[in-house]
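Novice: Below, the features straight out of Swiss-Prot:
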ACT_SITE  D11  active site
ACT_SITE  D130  active site
Amino acid sequence: MLAKRIIPCLDVDNGRVVKGVQFVDIKDAGDPVEVARRYNEQGADEITFLDITATHHGRETTYDMVERIAETVFVPLTVGGGVRKIEDIRNLLNAGADKVAINSAAVFTPEFVAEAAAKFGSQCIVVAIDAKQVEDVEGQPRWEIFTHGGRKPTGLDAVAWAVKMAELGAGELLVTSMDGDGTKKGYDLALMKAITSAVNVPVIASGGVGNLQHLADGVLEGGADAVLAASIFHFGEYSIAEAKQFMAKQGIEMRL
């Protein structure tokens with residue numbers, strides 16, 4: 001069995017790491033290079049860097065910052081935000097990213113995912129899915145994909161979309177519950193389970209971690225291959241090492 005991964009996430013806005021609640025109400029959490037260095041030293045399995053306003057403002061991800069982070073850390077680095085063209089992916093990989101996350105562009109042009117996977121290999125293409133719980137016509141809960149940092153509904157069903165993205169060549173899915181984001185109430189385990197049981201590519205759970213049990217639940221109940229968190233690490237509540245030891249005690253295979 002592959003070890004499960006802990007991935008601290010750097011949401012970057014105007015050159016600073018920030019953290020919001022449900023994609024708004026933003027707090028400053030430091031300099032991206034310093035924050036990344038700290039997580040590298042703490043034993044993070046990977047680091048994710050998301051330029052959270054790049055798509056909204058139509059701005060390219062800051063390549064120089066990606067270069068500086070890549071020089072600082074020695075674990076896989078996933079970078080996303082404003083990725084719209086093959087050239088964007090090439091530039092990010094050249095800057096030192098190991099994987100590139102595609103979000104809004106996948107919704108507008110699904111074939112872009114297939115093209116990217118064909119050109120660079122599925123192993124470095126991550127599709128980021130931001131989902132919010134809505135009710136269908138019968139009043140049953142389902143999850144809908146939102147784009148532009150959670151601002152725009154798409155009408156797309158999140159589980160069906162996840163299946164489609166995996167079929168098109170995404171090597172990994174980063175699934176964020178927008179209802180949970182920053183709330184510290186835990187992952188949306190029903191959403192995670194629905195997606196992890198429907199696809200055969202690794203799924204990263206994101207959105208809502210408030211304690212170490214939430215991380216473990218993402219794996220044990222949500223079926224996630226990796227767990228992503230921000231606030232609990234950024235503001236010093238827990239270290240990566242504490243998180244790994246806690247999860248290992250629950251029988252989850254971790255790289256300690």
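Our numbering is plain: 1 for the first residue shown, then up by one each step along the chain.
Using N, Cα and C of the backbone, Cβ positions are placed for all residues, glycine too.
Since we're looking at a predicted model, the values are computed, not measured.
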Novice: Comparing the active-site residues D11, D130, which residue's C-beta has the most other C-beta atoms within 10 angstroms in this structure?
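Specialist: In terms of Cβ crowding, the pick is D130.
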Novice: What's the CA to CA span in angstrom from D130 (active site) over to D11 (active site)?
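Specialist: Cα-Cα distance, D130 (active site) to D11 (active site): 14 Å.
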Novice: For D11 (active site), what is the secondary structure by DSSP, using just helix, strand and coil?
Specialist: strand
